[in-house]
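Undergrad: Handing you a structure now.
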Amino acid sequence: MTRLQTAIPISIEWMDNHIKLLNQQALPHITEYIDLYTLQDVYEAITALKVRGAPAIGITAAFGLAMSAQNYEIDELEAFLVKLQKEKEYLNSSRPTAVNLSWALNRLINSIGNARSVNEAKTDLLHEAIQIQAEDEAMCRQIGENALLLLTPGDSVMTICNAGSIATAKYGTALAPFHLASERGKHFHVYACETRPVLQGARLTAWELQQSGVETTLITDNMAAHTMKTKKIKAVIVGADRIAANGDTANKIGTYGLALIAKSLQIPFYVAAPSSSFDLTLKNGDSIPIEERNLEEVTTLNGTQIAPEGIQVYNPAFDVTSSELITAIITEKGILYPSYTESIKNQLLRY
Ligand code: MRU
């Protein structure tokens, strides 16, 4: 398939009866695509971070549920829906923070509302998953265009984690402007924070930006303040896993710290996210569920133990950046400015 050959890497492909997935755990040393055939394969790929990044998790789960449903040997629509709901809940429990997961799975369930037969429902589910992926690519491209209204090629910009093409259908959110600029022969200088504990910045963002020819400098997370102060960083841009109704944003652990540093140095701090990352059922970020992952992620580096056996470990995978630290939220629908409660209502919900 030629789509996988592009300079901007793509991580998820529907292969008519299974999912072809870029194994993000093997990057950057090994570029391998794995085949997922069952619901369990999909659940395991999400929990083991073979696919990660909020929109990519949602897209993979959508294909996973639609794929599994193709094999139900059930004739009654009602019984079909009961099994579908059960499998949806199972996939939905794979990771708690990114709202795109439940958003995509709910869309799938809603897509069969008018189905008159099990066969029709099976077709509707697949169409919806394909649609979610296509829409995500379009949204990310538009986020990139909108971000380019705030960022100027030639500038040095800092990011954390990987909110890139491989975390979405294509282009990414925070990395979309850099990919689009590259396509047009214009260039940014991206400073990528390595993103301990599982190094999405060092392993994935550094790899992805290299693939598409974006000038990239890798730093460790504790170099962020010094780098912002001394390397003429013009902006920080990050992705999001869940944005509450007041603009509070959950993203990869370390994002909140970057926002505090940026505020102190008067550097603009941007969040880039599609409308599927907003959770307007939450008034603010206090009730966003924060995933805690296993302690080995912290006590080991590349499989080598770096801390004494038995040490206590705290390993939250995300943090919440308060909306007052965010200069603007860049979505496919436009650029939102404070007060976010108002701009989200007026701009995001207008359509
Ligand atoms: O734990 P991860 O790698 O799934 O965390 C990913 C992030 O925090 C991303 O910034 C976010 O999901 C946005 S991806 C466009």
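Glycine is treated like the rest: Cβ placed from N, Cα and C.
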Undergrad: Report the candidate from Arg95, Arg184, Arg293 that shares the substrate site with Arg52, Gly53, Ala54, Gln200, Asn251, Lys252, as recorded in TrEMBL.
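TA: According to TrEMBL, the candidate sharing the substrate site with Arg52, Gly53, Ala54, Gln200, Asn251, Lys252 is Arg95.
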Undergrad: Taking the centroid of the Cβ atoms of Arg52, Gly53, Ala54, Arg95, Gln200, Asn251, Lys252 as the substrate site, which other residues of that chain lie with their Cβ within 8 Å of it, listed in sequence order?
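TA: So the extra residues in range turn out to be Ile57, Thr97, Ala98, Cys161, Asn162, Ala163, Ala167, Gly239, Asp241, Ala317, Phe318.
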Undergrad: Could you state the whole-number distance in Å separating the C-alpha atoms of Lys252 (substrate binding site) and Cys161 (site 'Transition state stabilizer')?
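TA: Distance between the two Cα atoms comes out at 6 Å.
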Undergrad: Rounded to whole angstrom, what's the largest C-alpha distance between any two of Arg52, Gly53, Ala54, Arg95, Gln200, Asn251, Lys252, listed as binding substrate?
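TA: Farthest Cα pair among residues binding substrate: 17 Å.
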Undergrad: By the count of other Cβ atoms within 10 Å, pick out the sparsest of the binding-site residues Arg95, Lys252.
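TA: Each of the binding-site residues Arg95, Lys252 was scored; lowest Cβ tally within 10 Å is Arg95.
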Undergrad: Could you round the CA separation between Asp241 (active site, proton donor) and Asn251 (substrate binding site) to a whole angstrom and send it over?
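TA: Given the Cα positions, Asp241 (active site, proton donor) is 5 Å from Asn251 (substrate binding site).
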